[in-house]
Amino acid sequence: MPFRRTLLAASLALLITGQAPLYAAPPLSMDNGTNTLTVQNSNAWVEVSASALQHNIRTLQAELAGKSKLCAVLKADAYGHGIGLVMPSIIAQGVPCVAVASNEEARVVRASGFTGQLVRVRLASLSELEDGLQYDMEELVGSAEFARQADAIAARHGKTLRIHMALNSSGMSRNGVEMATWSGRGEALQITDQKHLKLVALMTHFAVEDKDDVRKGLAAFNEQTDWLIKHARLDRSKLTLHAANSFATLEVPEARLDMVRTGGALFGDTVPARTEYKRAMQFKSHVAAVHSYPAGNTVGYDRTFTLARDSRLANITVGYSDGYRRVFTNKGHVLINGHRVPVVGKVSMNTLMVDVTDFPDVKGGNEVVLFGKQAGGEITQAEMEEINGALLADLYTVWGNSNPKILVD
């Protein structure tokens, strides 16, 4: 929803009810991206490749070969790519299941025309769960107390709520029932005994992207689900068992079970060896101007960089408020006209400086690639992760949620 329409809706709600509307998450856009004119006027933006996304979906579906259902994880506004941008591709490629985190994400998924299976992949607050009933969404349950509370909410609305019971098989210790203890097993049995909850799936989530660790967690999950199915007298044919995230889906095929939950792989975020998956996002900015400074000058806050020669520095219209973090100070590189140039001085809130002394063709208005490809050059996932000290998702979810997004190709 464009800002002006969001503001109008909020104003009308305030006038009519005397209260501001409540959102479980910020309103997300249903538009097919920011138009090109808006991007040209933005200090930084994200480009999302529809062709790369569709290629990745087809590649993954071919790898699953119909043996496991694909559930596309679109939490964090589709990992920063924009649910409103990616849902047409999800629907076009026949993906049967979508997973989200917030009610606002669920709203956009349903508003896009998706009528398939919709699952929340984290525990909801009770108010979220109640509000989420309108989206026909399956909920995660990981404790007997929460199950009783969810049951009461469903009963109050005259509904039966479909649930996925989360088990702590891999030691994530976040959402799941601890089936390694007898008290935990008793709790799991209580969850299956709620009148207004229908158990449709058993799931776990792997804590480490390591094949041996995944297999250990999978073995525990298999034992625990076998026990629960037997002692709760569940019909296995009516249950979906799922555990695999993107890493486990691609690297440990036996973990795929009935369904896989893939997010990163859909957008090209995989282990380096999986080159068949294409990156769906690029992060870009502009050169504002190029300045000349003499040798000996310092650059930026705290004088962390001193020019060793007379230099030409390009002023880039992006900073840490846009998700280009200060950790890239004196370490990062960007692409301008295909030239790989270094970040010099501290990254500021809205500005960074790069050294373009060796490239006289660089001028104000040039496009800058902060992450992605340009004219044969590339700012890679590996280098960004090494400097940032974290998974790339720690960066690109922020880029996508802090800057305008546009759908390309």
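Cβ atoms here come from the backbone N, Cα and C positions, even for glycine.
According to Swiss-Prot, the protein carries these features:
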type     : residues       : note
ACT_SITE : LYS75          : active site, proton acceptor
ACT_SITE : TYR301         : active site, proton acceptor
BINDING  : ARG174, MET349 : substrate binding site
DISULFID : CYS71-CYS97    : disulfide bond
MOD_RES  : LYS75          : N6-(pyridoxal phosphate)lysine
SIGNAL   : 1-24           : signal peptide
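Note on MET349 (substrate binding site): other Cβ atoms within 10 Å of its Cβ, all shown chains, come to 10. Reduced to three states, the DSSP call for CYS97 (disulfide bond) is strand. Within the same chain, residues at least six positions away from LYS75 (active site, proton acceptor) with a Cβ under 8 Å of its Cβ are ALA99, VAL100, ALA101, SER102, GLU105, VAL121, ARG122, GLY263. Distance between Cα atoms for ARG174 (substrate binding site) and CYS71 (disulfide bond): 21 Å, as a whole number.
In terms of local Cβ density within 10 Å, CYS71 ranks first among the disulfide-bonded residues CYS71, CYS97.
In the three-state DSSP assignment, the secondary structure recorded for ARG174 (substrate binding site) is coil. The two recorded residues, CYS71 (disulfide bond) and MET349 (substrate binding site), show a Cα separation of 38 Å. Annotation note: MET349 (substrate binding site) sits in a coil segment as assigned by DSSP. In sequence order, GLY345, LYS346, SER348 make up the list of same-chain residues 6 or more apart from TYR301 (active site, proton acceptor) whose Cβ falls under 8 Å from its Cβ.
Here the Cα atom of CYS97 (disulfide bond) is found 39 Å from that of MET349 (substrate binding site). For ARG174 (substrate binding site), the number of other Cβ atoms no farther than 10 Å from its own Cβ, over all displayed protein chains, is 12.
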